[in-house]
Amino acid sequence: QVTLRAGAELDARQVNQYTLILRAACPGEDEVEERLFVQVTAGHVLRCDAPFASAEGDVVQVLADVAPRTPLYAVLPQPLGGLTVMGQGFPSPFFLQFRLRNHNTPLVLTRRGVVLAPDNGFDPSKDTQMFRLEIEVMDRHGHNCSGAVRVEVLPSLRPRVTFLESHQTVMVTEGIGPWEVVTRVHARGDNVRYAMLAPVAPMLFTIDEVTGEIRSTRRLELTRAHLLIRAYNALHPNDHATATINVTVQGTDRQAPRCVPGIFVSQVPETVSPGSILVTLRCTDSTSTDGCLHYALEGPPSSHSHFCMEGPRLKVNATLDYDSEAMAALGFQFTATIVVTVGGQPLQSTRVPVLVTVTPVNEFRPTCPSGATFTVPETAVFGSVVGRVAGTDRDYPLDSLEYSLEEGSGPAQPFSIDRRTGEIRVVGPLGSRQQKSYRLAVRLTDTHNDLDPRERKSRLCDVSVRLQAVPDQLPVCIPEVQELQITAGSPGSRQPVTRLLCHGSPDSAALTYTIAGGNEDGRFRLEGNALVYLSSGRAEPRPFVLLVEVWGGSGARRRSTVVALVVHVAPWSTPVPPSSSTQHTTLHKEPLVVMRTEAAWHPPAWFVAVLTISGALLLATLGCTAWNLLCR
């Protein structure tokens, strides 16, 4: 028994045949020597190469700030059937299956053998991290091998996010209005953004996520606030730092009114009626009664024309029409300031900013275009433009419509409509013989005309598409004039003369042929497009000029052309006995008739008169000009 040595690897590309010399001998007999030839053929073997298949596995190092789900490694085939680990996301063949044997790792192994970074990325705050993945590979024949990959995560080289001052104390005086800057924080790092973690309520302050400016949200009173601010890397949120800001609001000697709310921001629909109350201010003063407070509205003229103050109440003064260009120029927003003073003294005043945003209301239904009738040739090809349905809508944005065919496209309705432009195109065959026109039901639906996207209005429009009949093509015969010569056969026989080569429109009916002239004695007959001569007993030669009319099309659309045939018929000769006398016969030649059509233009009488008068005026002008030049 001959077996393969343990650990041996066969490679048909290196050695494809081994010669083994075998010797055998029995006791008392001579030794026998034979040769055994072992041929090695190439076969499918799945083998995992080192270092992927080693006990330690392959080692790859990455930085901790690599983006989530970044391709780190891929198990790839080698030309000789082996597998190895390569970096940066090269895809594996589709017929290999990859399975992760250990699941205690945040790394992800795809079906193509690509190792991805964790979904949330690596934690940059930790030191060097190590992850081991044990991967099993199997092909479609059931052959498998396995290997391991060790991913070493190194600390990031980018700077960490840190605050310059982790604790700050800020002193401000009461009476600071809304949206005024209180202080500013600054942190070092890449792509730094800011967020306020506490307090959640009451929300007295807000922070700009880019600049770090802390602003008040209302008029500040005597209070103390402890703010917890977080700075973080926008691309790596796990890289963050926190700081504490203590804000103390101190008292002041100013006796300005205190109003609630300190800032008014509202959204109102465009259908709000004039006279509606938007807000009622509740203002108090420690040294005066409410009767000494005065309210005034400051702002641009557009705000004064649409709003007014009636005591502490802000009211709508005019219609807020959203569907106008003037409103669009304002950005659909009105800004103003309510100034509250004590006894009319400007030094003792409070200013309440007002921001009113007008929201759209879908008020009007789309309007169908008048006379939506289009004409298209019946031979229009796929994609030909029929016309455009131009619907209108009075809601802003104006004419923001979607178009659709109520019954869709199909054999009974071979048209489609562009959803955005309303352009109708041909998407199927048209046939005027079966149908002269089409009636399309086009639905117009408005879009983006209401704050609620579900509030949409539509209208059905009737669109008529008429098919314009295209006359069939004239039959074409090649050539149009022929001169032929034949010899008559025996009396009563049929002699083929020629076959007409004509063609008409591709979709028209078969062509028909008739002899229109030159066949008075009935010597010729048409059998389809073949012309036949019927022989008789007459012996004189003569030419025949035949006019053959070729008809194409059907019904009222039949069109025809004429082919001219000049046929010279030689008489049929019969053998005669020899004779001592010689008879001379002079053949009578008839004239050859050639028909030619020339195009001539006969202008109307008024055109000749106008041309004559214009020529006379031109000659007179030239004569006067020459006379003036000679006189000078």
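Heads up, the Cβ atoms here are built off N, Cα and C, so glycines get one too.
Here's what TrEMBL has on this protein:
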DOMAIN    192-259  domain 'Cadherin'
DOMAIN    260-368  domain 'Cadherin'
DOMAIN    368-477  domain 'Cadherin'
TRANSMEM  605-630  transmembrane segment
Could you please provide the mean pLDDT value for the domain 'Cadherin' (368-477)?
87
DSSP-assigned states of the domain 'Cadherin' (260-368) in counts, ordered helix, strand, coil
14 helix, 54 strand, 41 coil
DSSP helix/strand/coil residue counts for the domain 'Cadherin' (192-259):
0 helix, 38 strand, 30 coil
